[in-house]
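Handing you this structure, nothing more for now.
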């Protein structure tokens with residue numbers, strides 16, 4: 001019975017890998033990581049007010065960052081955003 005469970009687990013994990021692997025190769029990934037410049041703006045979880053810049057798909061836009069959490073589509077200056085997302 002123990003070998004059957006192990007084989008079932010291996011089969012399940014193999015199928016899961018085959019199903020999710022194409023997502024890792026999608027257009028939103030670059031060199032194995034999610035393309036930062038395609039992420040939506042995310043204020044984060046705190047209530048601070050830091051002016052930051054993000055790329056909204058077509059232009060560089062200001063938003064208020066709360067100081068904690070959020071995602072990596074957040075830059076301290078427009079110039080820093082342009083340097084990272086120039087090819088987006």
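Even glycines carry a Cβ here, placed using N, Cα and C.
Sharing the record's features from Swiss-Prot:
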DISULFID  37-85  disulfide bond
DOMAIN    37-85  domain 'BPTI/Kunitz inhibitor'
SIGNAL    1-27  signal peptide
Specify the count of other C-beta atoms within 10 Å of the C-beta of residue 37 (disulfide bond).
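I get 20 for this one.
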May I ask which residues of the same chain, at least 6 positions away in sequence, place their Cβ under 8 angstroms from the Cβ of residue 85 (disulfide bond)?
36, 37, 55, 60
Counting each residue once, how many in the domain 'BPTI/Kunitz inhibitor' (37-85) are helix, strand and coil under DSSP?
10 helix, 13 strand, 26 coil
